[in-house]
Each structure stands twice: as C-alpha cells, then as structure tokens.
C-alpha cells in the first residue's frame with residue numbers, strides 16, 4: 001500500500017529533474033523552519049542551504065553507494081573489486097587535492113583584493129587631503145586678497161570724503177544719518193559659530209560704498225548659512241531665535257533688490273533712481289586703475305642705465321641696450337628729423353641724443369675697444385715654470401739648414417722639399433737623450449721668403465745662424481743677422497759643411513766681424529760650433545750650446561692660463577679644411593677652446609703634433625696643428641683663446657672690416673684719381689699683368705705676391721687679383737677670365753671642373769713647384785708687355801751754302817755734306833745758330849739734277865724739305881734715322 005502511495009505521489013509531483021538523477025552536482029538543499037514571534041504567533045519559512053560544488057561532489061563521491069534495488073526482487077548487490085576501490089580512492093584524493101588548491105587560490109585572491117582596496121583607499125585619501133589643502137590655501141589667499149581690497153576701498157573712500165567734506169558743523173547737519181547710533185546686533189543663537197568681526201566703517205562712507213559693503217556682508221551670511229549642517233529630525237527642538245532688528249529701509253532699495261517690479265512702482269516718483277551695483281563696481285575699478293597709473297607716473301623711479309655706444313649702431317640694438325621699445329626709439333628719432341627703421345644704422349652722435357632724451361647715460365667707445373684685455377694680465381713670478389727653448393734655424397739658401405735640422409731630428413725632411421730648398425716654415429719638437437726638449441723652427445733661405453724669416457725671428461728665443469764653411473757669408477746670411485738683431489735674439493753660429501775639402505771656418509769668423517758678430521774664438525761673446533750635418537759631426541756640441549744659452553735666458557712661462565701664441569704657417573686642406581700651425585707661447589691650449597687668430601676665429605676641433613699624432617692639450621713652447629678655424633689665418637698672426645664665441649666673432653669681424661678698409665685705401669692710392677686712371681687707360685701709357693695666385697700654404701702665397709710685385713715698372717704694373725691657398729676652383733677661373741689674368745698654381749692643382757672651364761674659356765693656368773721659376777716667368781711676361789724702344793741713329797751734317805727758288809718746287813737748299821752722310825727719307829732737323837727750328841723729313845735729294853738715295857761726306861747736294869721753306873744760308877741740316885729695339 002505504501003508503494004502504491006509513493007507511486008501516486010510521484011505521478012502527481014511536477015519536477016524538472018528526473019527522479020533518479022544523481023545528487024553529485026546539486027549545490028542547494030531546501031527545507032522549511034517555523035519562526036516564532038511574540039504573543040504565541042509563528043510562521044513557516046522556506047530555507048535554502050547552499051553548499052560548495054567541490055565539497056558536495058566530494059562528499060557524494062566519498063559516500064558509499066546504496067545498494068540498488070532490483071526491479072524484480074531484492075537481489076544482493078555485487079561487491080567492488082580491489083582495483084575499482086583503489087581507483088575510487090585515488091579519484092577521491094585527487095578531488096580533495098584540487099579542492100585544497102582552489103581554496104588556496106581563492107584566499108590568495110581575497111588577500112590581493114584586500115591589499116589593492118587598501119592601497120586605493122590610501123591613495124584616494126592622500127589625493128583628497130592634497131585637494132583639501134590646495135582648496136584651503138586658495139581660500140586663504142582669496143580671503144586675504146578680499147580683505148586687502150576692502151581695506152583699500154575704505155581708505156580711498158575715507159580720503160575722498162575728507163577731501164570733499166565741508167566744515168564739521170555743516171557736514172553733521174547735512175548727514176544726520178551718520179550721527180545716528182548703530183543698531184544693536186541681534187544676540188547669537190546658542191551653538192552657532194562666533195560672528196566674524198568686521199573693521200569699523202568710517203563715518204563718512206558714501207552711499208555707494210555702503211551698498212557695496214552691505215551686499216558683501218549679505219553674501220557672506222548666505223554662504224555661512226548654507227555651510228551650516230542641516231538639523232536632523234528627531235534631534236530635539238531648535239533653540240528659539242530672537243527676532244533681529246530690521247535694517248532701515250532705503251529709498252530705491254526694494255526695486256533694485258526685488259525679484260520683480262510692477263508698472264505702478266516703476267512710474268511712481270516716490271523713490272529716486274540710483275546706479276546699479278555693476279555700474280558702481282565698474283566705476284570703482286576705473287578709479288582704482290587711474291589712481292594706480294597716476295601713482296606709477298608720479299612715484300616710479302626710472303632706472304638710469306649706462307648705454308655703451310660704438311661708432312655705429314642699429315636702432316634695434318640701441319633699443320635693446322636702453323631696455324626700451326623700438327617704436328619709442330623710432331619716434332624719438334623722428335623728432336630729431338631722422339627717419340630710420342629698426343634695422344637701420346645710425347651714428348654715435350644721433351644715438352647719444354636719443355639716449356639723453358630717454359634719461360640714460362651714454363658711454364662712447366671706439367670699435368678697437370673690442371680688443372681691450374684680449375691678451376690678459378701679466379703672470380706673477382710664482383706661477384712661472386721652466387719651458388723648452390724655441391730655436392730658429394736661419395741662413396742663406398743651400399747652406400744646410402734643413403739638413404742640420406734633419407740630423408737633430410734624425411729624419412729626412414730635405415729630400416721631400418722641391419728643388420732641395422725649403423719653401424715652407426716648419427716647427428718641430430725634439431726630445432734629447434737627457435730628456436730635455438727643444439722646439440725648432442726651420443725658415444726658408446731664398447730671398448723671396450723674407451717675411452717668413454722675419455716671423456721666425458720674432459717668435460724665437462735663440463737663432464742658429466748656419467753658414468757654409470766653403471761659401472762664407474752670403475746676402476741671406478746678412479739678412480738673417482739683421483732680423484735676429486731687430487728681434488733682440490741671441491745668435492749661435494753653426495759653421496756647416498766642415499767636411500768639405502775647401503772648408504775654411506776661420507774665413508767665416510772673419511767675415512762675420514764685418515756685421516758685428518764676434519765669436520768666442522775671436523774674443524767675442526757669440527758661441528760658434530763647427531758641425532757637419534752630412535757626417536753628423538758636432539751635433540752634441542751644438543745641443544750643449546743651445547741648452548747653455550737657454551739656461552742663461554731663464555725661459556719660463558705660466559701653463560695654468562688661457563693660451564696665447566703665434567701662427568707659424570697656415571694652409572687649406574681639402575679634407576680637413578683650414579689648418580694652422582701654431583706655437584703656444586703662454587698658457588695651455590686645449591681641444592675645444594675658442595681662439596681668435598688674426599681675422600679668423602673658431603673652436604679647436606682637433607690638435608696634432610709634428611708627427612701627426614692627436615693631442616688633447618699643448619703647453620708652452622709646443623708647436624701644434626689646429627683644425628676648426630673659420631678660414632685660413634695669416635702667417636705671423638697672434639692667436640688668443642677667448643671666453644665665448646660671441647666675442648671671438650666680434651673681434652674677427654672688426655679685424656676683417658679694418659683689413660678691407662686698408663686694402664681699399666691702398667688700392668685707391670695706387671690707382672690715383674679716377675680721372676688719372678681713365679686718362680692712362682685711354683692713352684695706353686700703362687699696361688698691367690693680372691695674376692691669380694694659389695699656393696699650398698699662406699707663407700708661399702705671400703712670398704710669391706711680394707716677389708712678382710717687385711717686377712713691375714712705370715709702363716707695366718703687376719696686379720695680384722687674389723693670393724690664396726688651396727686648389728684652383730671654378731670661381732678662380734671665372735675671376736681670371738673676367739680680368740684677363742693668368743693663374744699661378746704653386747704646389748696645387750686645379751679640380752676637374754676648373755680644368756674644363758679653363759680649357760673652354762682659354763684661361764692660362766701655370767703650375768710651379770720652385771719659386772724662382774715663378775719669378776723668371778712673370779718677369780718675361782712683364783717684358784713682353786713693354787712697348788718697343790725707338791732708338792735714334794745719327795747719320796751726318798750738311799751745311800746750307802746757297803738757297804734756290806725753283807718754280808713749282810719751292811725753295812731748294814744747296815748743301816755741302818760736312819760729316820757722315822745724308823740719306824733720302826731720313827729724318828732731319830734744321831739748326832739755326834744751334835737752335836732746332838724745324839724737324840721733319842727730306843722730300844728730295846739730288847746731285848746735279850739726278851735723284852740719289854744718299855750723299856756722302858765731301859760732296860754737294862740739293863735738299864728739299866717737306867712743308868717747310870724758311871731756309872737761310874749758314875743753317876745746318878742734321879740727318880738721322882729711327883730704329884726700333886725690343887724692350
């Protein structure tokens with residue numbers, strides 16, 4: 001019966017799950033409980049218990065299976081085998097392990113989320129604190145500013161009322177409201193914040209000021225009321241507030257402050273119309289700005305500056321130096337009658353007037369003042385340290401100067417010089433076996449390199465005068481002696497080539513006496529050493545003499561200062577740009593220093609020694625090659641390290657401008673006036689040979705220029721259009737073509753474009769490597785430009801003994817040839833009492849009615865002069881002919 005009842009209940013129940021579904025995946029258990037209330041009341045409540053899926057599954061899995069009920073009867077269930085039990089046990093263990101792992105991960109996630117939430121909360125709290133602090137600071141600043149404005153308004157209102165007020169009695173009568181006692185303030189309610197204390201209002205406050213202050217107080221009260229926390233319901237009755245005394249009603253106040261206005265109130269004349277608060281604020285702002293402007297105009301102290309005025313200055317620069325606006329400066333110039341723009345240049349006098357008008361002090365300076373303080377201060381004795389000597393080797397050409405230097409350096413420089421003569425000035429540093437250092441400067445001996453020798457003598461400490469024992473004193477030897485004495489430099493005589501069979505050192509010593517050089521062997525003070533550069537004889541004695549002389553001179557310099565020195569040689573390298581060989585005389589030159597060398601400036605990008613090795617710094621008496629200059633400096637120029645690029649550029653531009661002015665003045669003086677130049681050109685009196693000189697180094701270009709300019713004369717002038725360094729370019733060819741010039745290339749070549757252009761335009765490019773070849777060729781060109789010389793050749797004299805007057809011919813002189821001969825067609829002069837009265841040609845020459853070509857001495861002849869008939873007896877006829885001789 002119970003089974004049938006169960007089946008009936010099962011059929012009548014609606015369920016979405018099958019009856020036999022397993023309970024492994026079920027996570028919710030439902031049930032009902034009875035909830036009890038007061039007074040015996042109760043209620044049945046449905047309750048659900050949720051379980052974790054893993055745990056439920058494990059529990060269900062771990063629970064032993066109930067024996068299945070057989071459909072036909074109660075047969076005993078089949079038992080599990082050992083393998084099935086072991087598998088089930090393993091599954092249970094794995095499921096428990098997985099559940100433990102998931103639980104650990106969940107706890108870790110909860111911990112991370114808790115930490116993240118705490119960090120986020122802390123960050124938000126910090127941001128809120130910072131925002132609150134910033135808001136508090138802004139509020140405090142606004143409050144302070146508002147208080148200052150209110151205080152300023154009160155002061156201005158008080159000053160205005162005092163200025164416009166009448167005597168005390170009428171004022172009191174006119175404003176009875178000011179004498180009324182102030183209404184008593186209402187007592188503060190309990191628990192309220194203390195009222196803000198306000199500054200007392202002056203008794204003479206204007207109506208508009210009163211309105212403004214009252215509006216401000218009303219706004220603050222509203223803000224305080226809004227900021228008070230609302231009272232919670234049920235917190236008790238609020239304390240009773242005593243009614244405050246109403247403010248006195250002001251005429252026109254309701255209509256302005258009210259939310260609306262009717263037509264009757266607007267048209268009625270009971271109250272007086274007043275200005276709005278916005279209008280009052282605008283008026284106060286205008287008054288405040290006007291007062292501030294007046295105060296600035298009256299009380300402001302003008303800054304008086306000292307304005308430095310060069311010889312010329314632009315309007316923009318003048319305005320910058322006065323800290324003024326450019327339009328104001330232009331307006332001031334217009335008042336002076338000068339119409340100028342911002343970029344226009346004005347003179348120092350006009351600029352001084354403008355500076356005085358602006359109330360500043362002017363200081364006139366010259367352009368040359370940019371070089372003041374360029375060389376620095378003198379060094380103290382404590383800063384000086386011993387430096388190596390600088391030795392210059394000088395002498396006549398081919399006397400062995402470079403060979404002697406080679407022997408000292410153990411190198412072979414002379415073999416690389418064209419023609420066996422030195423055409424560059426070179427600087428080298430030699431380290432002796434003892435560790436002592438010497439700096440040698442090799443100078444050319446050719447007569448064209450006088451300027452190079454002068455430069456070498458000016459930067460040196462000791463001069464070694466090389467004289468060949470078999471040749472004696474020569475012209476360039478004398479010149480070297482003159483340069484050394486002009487520079488006040490001690491001389492050491494090196495008598496070279498003593499290995500020659502015809503060497504005579506004593507003759508050299510005797511010849512030097514003529515030029516005030518007395519060697520020690522002749523009782524003087526000048527050291528002399530007999531050496532042989534080829535055999536390397538006497539080199540040790542020469543080094544000892546140099547060191548002894550250097551010790552006597554006590555050579556010192558300060559290495560801890562900005563570098564100064566001299567440019568020994570300069571050139572333009574195709575790959576490296578402008579290269580200058582400099583000799584540091586003071587301080588230490590470092591890579592990256594900003595230097596000024598003559599008209600060029602730049603930053604030292606690299607330094608190389610005489611062996612081509614890079615250097616970071618160079619001390620006193622060190623010769624180096626520097627790279628990085630803006631151009632090729634002139635040889636012999638002084639280089640100085642300056643503090644910044646601006647000053648270096650200013651000094652270089654000033655020197656370039658002076659050089660251009662000097663060149664223009666020299667050219668104008670050489671050409672004379674324009675009228676004289678045009679007259680010479682038209683008459684063809686003076687011709688010229690135009691040259692474009694390009695050399696490998698600056699010294700060679702200078703030497704060639706000086707040599708060729710000496711070859712000019714009164715009829716042919718040698719004009720050097722350009723003397724530069726570097727290879728020949730297209731611009732050089734174009735310059736030569738425009739001036740019909742010849743390009744002289746000394747140890748340089750033309751690039752492909754320049755060669756093509758020169759071949760097309762017919763420009764002559766001549767290449768040289770020895771300087772005397774240049775001199776010979778230019779001299780030949782100058783002679784070729786000379787006009788041929790007409791030379792007069794005397795033929796003879798004839799005396800007029802009788803004058804005949806022949807019809808259709810005119811007067812004919814019967815003459816007797818007293819000397820030489822008379823030739824027909826030759827030139828004649830008619831002399832009367834030793835004075836030439838006519839010069840012309842013979843038109844006819846006859847002897848006994850026959851025309852003859854010439855008549856010799858002792859014969860008579862008849863002469864007829866072309867275009868002249870004033871013949872007298874006793875006149876003498878001089879006969880000559882003109883022949884042309886090449887110049």
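Yeah, the Cβs are placed from backbone N, Cα and C, and that goes for glycine too.
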From 395-402, 403-410, 411-418, the residue range that Swiss-Prot assigns the feature region 'G1': 395-402
Secondary-structure category, per DSSP, in which residue 401 (GTP binding site) falls: helix
Mean per-residue pLDDT computed across the region 'G4' (496-499): 87
Other CB atoms, at most 10 A from the CB of residue 401 (GTP binding site): 28
Around the Cβ of residue 398 (GTP binding site), the count of other Cβ atoms that are within 10 Å: 18
